């Protein structure tokens, strides 16, 4: 009884901490204590009771989800390969010092691990910083690579919107000294190809430049020390109206109202080459060296995007800031659009599905001699894309195949298990994807039903007469048509029929 009272008190303590939004580490410690007490008390027959759930911000992927995910990965990988990228991999955890100080305000979301044998480690937060470490460590100055792997963020998950604590990133990066804006334009082309291929609906790729932003902040009267923090306020403009962003800048971040209003005049502008030309003539911006450089490159970029035929989906947008500290030049973000309702033509953003930019200083941070390797890259937001496709498939009730089996080896009479085993072995050895039911004498109806349920297109039926004649009866599940095929021609016939 005393133990039960202690358990209730501990549970109450955890509830209060959660209510007061206490430090997550403190809550985790108290929860661990609570679980330990529960385990000691035990449940039925003295067995400890387990909570069967995945950890917060993570999820399981069943066969259906994995089938959709593979489809998406294949589209992305084939695009990366089409553009000549090599593939690399890096450890899931890095030395803590490798990650610290690279992510600005987001650094608090890094997952730290306990001291492991004298090394302080953290789970990787993205794939870009490990890539920069890899380049510096191996003295690589020129590479085009892709990397698809899981990353970890101690974020407040919003799982319905595809926001997790453990999730995949799909990165493509070009490192090396090249002429301006050619690799940058290719990264934008890649985003365009992938989003078009996946048929997610209408989208726009917003483009800006860190130098234009910094130049704009300077001419608007933002002190140097406030550039980054004002930048992260501007970055919220796709989610909240300008009035809220302005009050955050002035109220929370101590910016003068005049400076905020001057920023407001710029960050609400978006367009294409015309806007770039207009800003190159802007009396204030054109006097700023950084902004002028950025606008010159932006003009070049939009000329290349015109040659690639993708300016229709690209928008030069002065409100785009992207929160990460390591960007130095062009930045971009792809946003899916949807119509608010049937009567209004206004398009609203559904959130970012890809993003990236130029980060010329990151590798130099790791290099002992500070040697710089210019880099530009893009990350495809696979989880958001996956959430959208998953919801769409659920709504359409389309049947998804979770296996690639081409043929089921079946029998029409009893005592033919050995013959089925012999035939399926021949098919496997020839590289055919084949299955059979694990019963000695399955009913033909059950075997055919299994094909209907799992989407297997063909059935190879062995029977006594077929064995005598040296043939196999091949049944096409969709049309129920049956043809006798010579045993030696069976593999070729299955290949022909399943490749159509």
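A Cβ is built for glycine as well, from the same backbone N, Cα and C atoms used for every other residue.
Pulled from TrEMBL, these are the features on record:
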| type | residues | note |
| --- | --- | --- |
| BINDING | 126, 127, 128, 153, 169, 173, 322, 326, 327 | L-histidine binding site |
| DOMAIN | 1-55 | domain 'WHEP-TRS' |
| DOMAIN | 57-389 | domain 'Aminoacyl-transfer RNA synthetases class-II family profile' |
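Feature map: annotations from TrEMBL on the structure.
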residue	record	Cβ contacts under 8 Å, 6 or more apart
126	L-histidine binding site	103, 151, 169, 379
128	L-histidine binding site	171, 173, 326, 359, 362, 377, 379
322	L-histidine binding site	235, 331, 333, 355, 357
327	L-histidine binding site	210, 357, 358, 359
Taking 10 A as the limit, how many CB atoms besides its own sit near the CB of residue 169 (L-histidine binding site)? 19
So what's the average pLDDT for the domain 'WHEP-TRS' (1-55)? 79
